[in-house]
Amino acid sequence: MDVVKQLQRQFIDFSTSLYREGFVDDQFAQLQKLQDESNPDFVVEVVSLFFDDSEKLVKNLAVALEQQVVDYKQVDANVHQLKGSSSSIGAKRVKDVCVAFRSFCEAENHEGCLRCLHQVSHENSLLKNKLQTLFRLEQQILAAGGTVPVLE
Amino acid sequence: MGTYNMDLCNCIEPPWPADELLMKYQYISDFFIALAYFSIPLELIYFVKKSAVFPYRWVLVQFGAFIVLCGATHLINLWTFTMHTRTVAVVMTTAKILTAVVSCATALMLVHIIPDLLSVKTRELFLKNKAAELDREMGLIRTQEETGRHVRMLTHEIRSTLDRHTILKTTLVELGRTLGLEECALWMPTRTGLELHLSYTLRHQNPVGFTVPIQLPVINQVFNTSRAVKISPNSPVARLRPAGKYMPGEVVAVRVPLLHLSNFQIHDWPELSTKRYALMVLMLPSDSARQWHVHELELVEVVADQVAVALSHAAILEESMRARDLLMEQNVALDLARREAETAVRARNDFLAVMNHEMRTPMHAIIALSSLLQETELTPEQRLMVETILKSSNILATLINDVLDLSRLEDGSLQLEIGTFSLHSLFREALNLIKPVASVKKLYVTLSLSPDLPEYAVGDEKRLMQVVLNVVGNAVKFTKEGGISISAFVAKAESLRDPRAPDFFPIPSDNHFYLRVEVKDTGSGVNPQDTPKLFMKFVQSQPLAAKNSSGSGLGLAICKRFVNLMEGQIRIESEGLGRGSTAIFIVKLGIPGRSTESELSFIHKGPGIQAKPNFSGLKVVVVDENSVGRMVTRGLLVHLGCDVLAVASGDECIRVVTHEHKVVFLDVTLPGTESFEVAVRIHEKFAKRPDRPIIVALTGNTDRTTKENCLRVGMAGVILKPVSLDKMRSVLSDLLEHGYLVESQ
């Protein structure tokens, strides 16, 4: 019982820190709400999908920005996609970078775009790690026989 | 008289020579015999002819013949005394022969006849006896029938009334009449049950109160049996008439059971053991030598029983009449009370309605002007006067407000008036209102509004102001030195879940935010144990407080009610007496422009408990190029119970959408007009059908053009992404109920 409580405590602290640090926002909480008995791995699935998607997009962006003549429309489209995806799962920081990214695109600022790209990539990896930790904690709690606490 | 000498004469040769005298006598006797013999049949015939009943005519004829012939013989004998001719002898002989024949026949017949005649006689006797017996029985039956009739009539009379007195009176009268009594009396037991009191008599109209003790042997004797008992006319109960010179008639007494309501149990017959009896005494007329007959006694017994029943009915009726009268009285009283209460409530409401405006306005004017006056040049006495005016009017204002609001709150008739208002100006105004009072007490007041506090909010401005004023006013009231600091900020998710308020379940959503206000004072503080009591009506936690702690004790109770109505929570924390206190309250306010009015259900709904509308099986289509977005939207709808078909392109959507799908969620994040074309084509596909799916746009764009375009192509509404669960739920409800979004974003 103690182990479970400890794990839960850890989970809560970690979750709260995620929110506090702006890694995720309300939308992530909404996603967690959608998880139920009929859909037990919803969050994990969506998040995995997001990371697949975002990694692909980042790669595309890298390729696009490496071109001699940068097709900013294409870049914008990709960033738009990424912004959409990240806001769908509540990846706040990523989304914020995307917003900045888009303005650089509009301004056709290559430097800015590159910077943003790196930032996006960085944030993506950070988020991935954080979420993986979160899911691991969840698994541990479930394995120990407890229930995953729900944050309000 | 027969002779064997046929030749000469018929007479017997007498042994001695015929004496003339003897012959003469014989002659006369024969003559008379003949006469008699002839006359008897004549008489018989005459009388037989007269009476038609005689059954033995034939015998009579025979007898007649016999007698006639005998007579004839004797007559003819008359001629044989002297010499007579042969003819005479022949006639004589014939007559004699005939007579012999007839008399033998008659003799023989008589052998048969006489027993018959005798038996007739016996039968006649028997019949006479029987007739007498029948007569007797008839007499009996008649008397019985008459008795029965009397009983019926008596019972009818007795039972035809439900009035006790009438019953008893009638009984006595009827009995007296039927049985021809001289006197009839009824002795009732007294309340104590120890005596019998003469209650009714037949002859005397108002019997003087005779009483006899109930334990007399004669009375016991009567009470122990249900039969009518003959008693001595000298017993105390029977001595009803002045002792006269006459021989008193026989007296009979019978018990009359007095049945009580409580004797009637549901399943049993009435218990006769715990009984009270009355005594009925009946006296036959004196000097009549009449005796009590059995049937009369039976009559009396029956009547006594009937009387008992009739009396009990009368008693029951009396009871029920009394109960009914009582109920009616109570009804009338209740009705009156109700009407009075209604009048009172109405009067109160009228009063409140008037007070509401009329009293508050001048109150505020007084307070405002007094505080203004304070700012001017005043002599010390004037200043003192103004201060007093201000203090008193503040108290009065508070009292008015509190009482008015609380009564409406208690009715449950209070509803929040939702509107959009400026939070900032609310706090500023509150500050302005409290500053005068605070400066009088030389207290500082600070206000700090957090930067993330929205400029505008949706809620009940007036009530919120009241809460703020009340809390701040309280703080000022209980602070003698130092000051108050008010801070307001948006409550964050984690701070909402306060372990100190375990019943508070705030549900964050993107149309509301929780406003948290903390009012900290350096005042007299509160004993931590008393903090819950602060919000109870009329409870003052400081009964020994200084003069300025006056107040009706309603303020905080009202605040609590308002805060609860706003789905919030309020509490006061204090570290103890003399250490100041902090009032903290959180209320739920709406964010203007981002919510539909119908979502702000402030009216008496439990926090966060929203009815789950049933979308199970609702067929919808989700169109989104972004795989993540698609998956999230799909997950959202699946969680709400819909049957979701998720496609990645507009073309695919057109292909798969059917008339069974009720809603199509179309993501229009893509720049350009592609998504709108999809909508148009969907409309074309279902142009003819009335049940075509509703199309809703999902977009991350909040600009006007997108919205206008969407609506132009016939979309039912626009939803801003990301969509929360609550938002999607209410969107679906809206769509299903109205067919369009009540307020698009």
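Note that the numbers count up from 1, one per residue, in the order the chain is shown.
Cβ coordinates are placed from backbone N, Cα and C, and glycine is handled just like the others.
All annotation found in TrEMBL is predicted automatically rather than curated by experts.
According to TrEMBL, the Cu cation binding site annotation covers B:Cys70, B:His74. According to TrEMBL, the feature ubiquitin cross-link maps to B:Lys721. Annotated 4-aspartylphosphate per TrEMBL: B:Asp667, in sequence order. What TrEMBL records for B:25-46, B:58-77, B:97-118 is transmembrane segment.
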Ask   = Out of B:Cys70, B:His74, B:Asp667, the recorded positions in the record, which is closest to B:Lys721 (ubiquitin cross-link) when you go by Cα distance?
value = B:Asp667
Query = When DSSP states are folded down to helix, strand and coil, where does B:Lys721 (ubiquitin cross-link) land?
reply = coil
Request  = Would you count the other C-beta atoms found within 10 angstroms of the C-beta of B:Asp667 (4-aspartylphosphate) for me?
outcome  = 23
Inquiry  = Applying an 8 Å Cβ threshold (strictly under) against chain A, tell me which of the recorded positions B:Cys70, B:His74, B:Lys721 fall inside, in sequence order.
reply    = B:Lys721
Message = Excluding near sequence neighbours, so keeping only residues 6 or more apart in the same chain, what lies with its CB under 8 A of B:Cys70 (Cu cation binding site)?
response = B:Ile33, B:Tyr37, B:Thr99, B:Ser103
Remark   = Other same-chain positions with a Cβ less than 8 Å from the transmembrane segment (B:58-77) and lying at least 6 residues past its termini are 1, 10, 30-31, 33-38, 40-41, 44-45, 48, 88, 91-92, 95-96, 98-99, 102-103, 105-106, 109, 113
Remark   = What DSSP gives for B:Cys70 (Cu cation binding site), in three states, is helix
Remark   = Expressed in Å to no decimal places, the gap between the Cα atoms of B:Asp667 (4-aspartylphosphate) and B:His74 (Cu cation binding site) is 168
